[in-house]
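Some notes on the structure that comes next.
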Amino acid sequence: MSSKKRKSPPQESLTSYFEKSSKSSKKYGSQNKDSDSSSTCLQQKIEIQWSITDSLYIAKYGKLKKTKKFIAFDLDGTLIKTKSGRVFSKDAADWTWWHPSVVPKLKALYQDNYSLVIFSNQNGIPRKPSAGHTFQMKIRAIFESLDLPIVLYAAILKDKFRKPLTGMWNSFLKDVNRSIDLSFIKYVGDAAGRPGDHNSTDLKFAENIGIKFETPEQFFLGHSFVPPNFESFHPKNYLVRNSSSHPYHFKKSEHQEIVVLVGFPSSGKSTLAESQIVTQGYERVNQDILKTKSKCIKAAIEALKKEKSVVIDNTNPTIESRKMWIDIAQEFEIPIRCIHLQSSEELARHNNVFRYIHHNQKQLPEIAFNSFKSRFQMPTVEEGFTNVEEVPFKCLKDYEDTWNYWYE
């Protein structure tokens, strides 16, 4: 995704906007009792410095201390919440501090020589033309209410900047422009994989960076937190568990045959087909390329008539979707085998984002995974296959150093 900087609005327009915002900041921020003038650390008016690209908003308020100690936060559900009780704020004024202890805690951190940073996913901004301006107004009110040097990074697209990916963190490191000791850094966020949490993005973000993590309840209120164990899928643990397993090697049949691949989108079917099966003379039939089922059938039959073996590189989730290939094999009186790629849904979704970020491949929509999951029927020899091979996913060695991060 392009991150080319858009032309910034004229300074006069920004100044006019900030003046208007400052007049209304009392309406937005001063009703929060934590922001009384006696605790203000910045006595003069500070203009927010905005840097806006196609997928990243950066807002700087004041100048961060030259310190090795940083505390980073999520925004929504961690530092602030909506006044209305809605999940998403209805306007720039629909916010209040998450808890009365937030501002005193942040001011104490500042006095203790900590620099404050916010990393936030804001993917709602591109959906509405006015959302970007509304977000800037809200940030203006929040920063003026807090009145401490602070910097915000907000990812607005599903690209390298979106948590749990570390693009925002890398941008921050570039801006800080000095070495940072990760042992002095902590990230606080509400998306921690607990029952009731919308996801575990914040916890995974901290794990990707390699820094300590706390929930807002833990950090501000002193509550305990037991991290989830991610038993179903954890990229680093998956690599460790499968480090000693041997990679799958496709064995070419001595006779003409049909091979039917079965598995989630992004489970490795096409990689297997292209790297191991097509290279041994098999004709690949793929509906993403041919577009329709009828064209797939036609291509397979034409290859079989030329006495070539065929590999069906589709998801093939149901007995019915596989039956037509079994019928064709019986018509040609040749064997048909099935290779089931045993990637879990979590692993497949992980691969989907991984190949989008690192290999510039199109990211598949949510419905592709939900559809396969809801329709999937385990392949068996009773359907008519001569055998069914179960093949676990094996990450290519060259990709392990980047694949082992959280992407979802």
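Using N, Cα and C of the backbone, Cβ positions are placed for all residues, glycine too.
According to Swiss-Prot, the protein carries these features:
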type: REGION; residues: 1-38; note: region 'Disordered'
type: MOD_RES; residues: Ser8; note: phosphoserine
type: COMPBIAS; residues: 10-19; note: compositional bias 'Polar residues'
type: COMPBIAS; residues: 28-38; note: compositional bias 'Polar residues'
type: BINDING; residues: Gly263, Phe264, Pro265, Ser266, Ser267, Gly268, Lys269, Ser270; note: ATP binding site
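Everything Swiss-Prot records as a feature, shown here on the structure.
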{"residue": "Gly263", "record": "ATP binding site", "contacts (Cβ under 8 Å, 6+ apart)": "Lys269, Thr315, His340, Leu341, Gln342, Ser343, Ala348"}
{"residue": "Phe264", "record": "ATP binding site", "contacts (Cβ under 8 Å, 6+ apart)": "Thr315, Leu341, Ser343, Ser344, Glu345, Leu347, Ala348, Phe369, Phe372, Lys373"}
{"residue": "Pro265", "record": "ATP binding site", "contacts (Cβ under 8 Å, 6+ apart)": "Thr315, Ala348, Asn352, Leu364, Ala368, Phe369, Phe372"}
{"residue": "Ser266", "record": "ATP binding site", "contacts (Cβ under 8 Å, 6+ apart)": "Ser343, Ala348, Arg349, Asn351, Asn352, Arg355, Leu364"}
{"residue": "Ser267", "record": "ATP binding site", "contacts (Cβ under 8 Å, 6+ apart)": "Leu341, Ser343, Leu347, Ala348, Asn351, Phe393"}
{"residue": "Gly268", "record": "ATP binding site", "contacts (Cβ under 8 Å, 6+ apart)": "Leu341, Ser343, Asn351, Phe393"}
{"residue": "Ser270", "record": "ATP binding site", "contacts (Cβ under 8 Å, 6+ apart)": "Asn286, Asp313"}
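DSSP assigns Gly263 (ATP binding site) to coil in the three-state reduction, placing it in neither a helix nor a strand. Under the DSSP three-state reduction, Gly268 (ATP binding site) is assigned to coil, being neither helix nor strand. For the recorded ATP site, residues Gly263, Phe264, Pro265, Ser266, Ser267, Gly268, Lys269, Ser270 set the reference point as the centre of their Cβ atoms, and the other residues of that chain within 8 Å of it by Cβ are Thr315, Leu341, Ser343, Ala348, Asn351. Lys269 (ATP binding site) has a Cβ environment of 25 other Cβ atoms inside 10 Å.
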